[in-house]
Amino acid sequence: MAAHLLPICALFLTLLDMAQGFRGPLLPNRPFTTVWNANTQWCLERHGVDVDVSVFDVVANPGQTFRGPDMTIFYSSQLGTYPYYTPTGEPVFGGLPQNASLIAHLARTFQDILAAIPAPDFSGLAVIDWEAWRPRWAFNWDTKDIYRQRSRALVQAQHPDWPAPQVEAVAQDQFQGAARAWMAGTLQLGRALRPRGLWGFYGFPDCYNYDFLSPNYTGQCPSGIRAQNDQLGWLWGQSRALYPSIYMPAVLEGTGKSQMYVQHRVAEAFRVAVAAGDPNLPVLPYVQIFYDTTNHFLPLDELEHSLGESAAQGAAGVVLWVSWENTRTKESCQAIKEYMDTTLGPFILNVTSGALLCSQALCSGHGRCVRRTSHPKALLLLNPASFSIQLTPGGGPLSLRGALSLEDQAQMAVEFKCRCYPGWQAPWCERKSMW
């Protein structure tokens, strides 16, 4: 093993050099990428506050917009004629997927995609954010139960003499069949129009591991969730990336349960990818810089539990999302800038560089380092005794300077193994595949 480890005795990295490798496809052969999905250009345009993420090796659209060449997100009102119910129970575009026109939806979606992504060779992230209903009947609880109620009512109106169990079974089949047609059809159209885009739905898969108050909380997906997710194989098969949410609920603050929560949510994404027959399907969890629905920034240990945990499991990257509400005032923009400059940015540089160095040292530069199950707490963070972050004279990207010691490399080999990129194989990804 020691013979394989690369003798990186004087490896110097600068973010400028790393960023130059981005042109072309966004993710291939890139161990870990942080994508900025925030409208922070408002901070500059409206408040004169420049939240500069480029110096920390973060990928952002020109002008830091929600939609651009590197990252485009479609909310429900921006793609086709998504059917849903308002909070007052009023149907929009038919309310139910089985009560709406898929043909009309795809026709409008065709135009919406061409307008939002004009470049035919678009190779960025293409995320669809539909949250009103879920494609599995069993997952539509609480406020989403209206979709089950209205589905039953639709069948009952057509067959008033049917018994309740028959109505339930047919309503479930109709809803799930229509939900599949809508979601799969939308992905298929996106892939046909922009075939290099990383198409996928935000929030899928979900682990539903929200039982934080349990005294024996482990973070594992509750019983039955994996079986339900396995029924969504058609969704994983049509997706070109998976975008699970690892937003930190506010109730987790100070509990010490965050790492378990994130660990199993990210692991479920990798599990469904393998189950769907595509172990190389990119996983890019969505992360907020705040605890969800608060203005409390994630402290450093929670960044380790979210970004760091994702990188350690071999995620292709993360998507950092910031609500427009967090950029409404000059004070909030200044707070984001300070957090980026002092806490978030240096951490991103640390974990991104750690993933790259591990890939080079352990995986011949042809794969990602993935944490071994025997070391569930290991992270791809640089040894502060070996590396330092330095300002570039006159501004510009920060420089990460240092060298991997033999001890650093040996520890990586103990704690991590390789997941090879497509086209490479062997324990250290040193051989090209024959297929």
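FYI, residue positions are counted from 1 along the chain as it appears here.
Each residue, glycine too, has its Cβ placed from N, Cα and C.
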In Swiss-Prot's disulfide listing, Cys333 is paired with one of Cys9, Cys43. Which one?
Cys43
Looking at Swiss-Prot, which of Cys363, Cys369 bridges to Cys358 via a disulfide?
Cys369
Disulfide-linked residue for Cys418, taking Swiss-Prot as the record, within Cys221, Cys363
Cys363
Residue among the disulfide-bonded residues Cys207, Cys221 whose Cβ has the most other Cβ atoms within 10 Å
Cys207
Determine, using Cα-Cα distances only, which of these disulfide-bonded residues is closest to Cys333 (disulfide bond): Cys207, Cys420, Cys429.
Cys207
For Cys429 (disulfide bond), the number of neighbouring Cβ atoms whose distance to its own Cβ is within 10 Å equals 22
Spacing of the two Cα atoms, Asn99 (N-linked glycosylation site) and Cys207 (disulfide bond), in whole angstrom, works out to 29
What is the average pLDDT across the domain 'EGF-like' (354-430)?
91
Just to be sure I understand the packing, how many Cβ atoms besides its own are within 10 Å of the Cβ of Asn350 (N-linked glycosylation site)?
24
Least surrounded, by Cβ count within 10 Å, of the glycosylation sites Asn99, Asn216 is Asn216
